[in-house]
C-alpha cells in the first residue's frame, strides 16, 4: 500500500523558536550557577518586545534582559528594519518563586514519605507534575527517526547555515520547511513534495530566490535515492515573505511540540520542553522515553518502537508504562516490557542522573528538534544500553 506522510520544521528565527531559545538560554544560565535550580520560564516575543514570565527557585543570579538580547542577536535579528532586533527590543520580566505546594512533592516523593529508602537526595525526587510522555524510534534512518521530520530539520538547518555563512545573504532569519514522503509497505521510497518558506530581502525576485534555494538548500539535503522527476518543489508559494519573525507573528514558548519531537508520526502527550528544568517530567521523561526506544531498535528487538510513560505529581515511579512495536517485534513483547522495566529506572531523579541532565545544555535543543541528533549534549541519543538489552534476550 502506498501512502503519503508529511512533517514540518522551522528555523531558529521562527517566532515560536525564538521564544523557546530564550526560555532555554535562561534555564541554562541558572543551571550553570546552580544545578539544583527549579525553573519554569515562558517567553512571548512580538514586535519590538519580549515578555519573560515564570516560576523560579534558585541561588543563581542572572541578568535576564542581557540573556534575551544576546540570544536574539545570535539568532540573527540584528537590524531594526527587521522589525525586531536584540539591541532595541523592550524586555519585560515577571519572575516569582515556585509554589511551595509543588516543592513538597518534588523534593520528597510519595514513596520516600511512605518509608522507602533511596540512595541520595536526587533519587528522592517526585515527578514535578502529572502527564503522559511518548518516546519513539524507527530503523528507517541512521538517526532512528522518521524520514519526513529528519529531512525537514536538515532543510531548516541548511536555511540558517546559508544565511549565516553569507552564501545566500538575502535571506532573513524566519523560515519553515515541510517534506512529504511517499511510503510503500511502510518503507520510504521517494520524496513527493518539498516546501520551503523563507523570509528574504525585498529586492530579491521570486525566480532568483527559487533558483538559489533549490541549488543551495534543497539539492544538498534531499538524497538522490529519494528523488525523481515527479518530486514537487514549492518555494515561498505566496510569492513574497519580507515581513517575518516576531514583527509578523507573535511567538510563544512551547508551540512547536511536534517539530520538537517526531513530526506527528506518533502521539504527543502535550507537554512542551523549553524553559523547564529536568525535574519536570514533561522534559526529562520524554528524553528517557526516546533513550529507551532508540536502544531497543538499535538492539534489533524491533523495527519500530513506541513507549508511553505516565506520572502523578509528587510520585517518583511511573503510573503506567506501555509499549508498541507495531507488529515489528523480533522478541516476545511481554518479555520486552518486563526487561525494559528491569534495566531502565524511570524515576525522575534516576533519569536525571542517567542522562546527566543538570547541565546547561538546553539552548541547543530548542531549535531543529530534540531527537535524532548526535551532539555530545544529547545524552538520550546514546546507544550504551544496546548490549544489555541483547544479553537479556541471549542475542
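Counting begins at 1 with the first residue displayed.
Cβ from N, Cα, C; glycine included.
Of the candidate ranges 76-86, 87-97, 98-108, 109-119, Swiss-Prot annotates residues 98-108 with the feature region 'Flexible loop'. Record note: Swiss-Prot gives 98, 249, 280 as L-methionine-binding, and the candidate from 55, 140, 143 in that site is 55. Every protein chain considered, the tally of other Cβ atoms within 10 Å of the Cβ of residue 14 (ATP binding site) stands at 27.
Comparing Cβ neighbour counts within 10 Å across the binding-site residues 240, 276, the minimum falls on 240. Ranking the binding-site residues 16, 42, 55, 98, 280 by Cα distance from residue 256 (ATP binding site) puts 16 first. Distance between Cα atoms for residue 240 (ATP binding site) and residue 42 (K(+) binding site): 31 Å, as a whole number.
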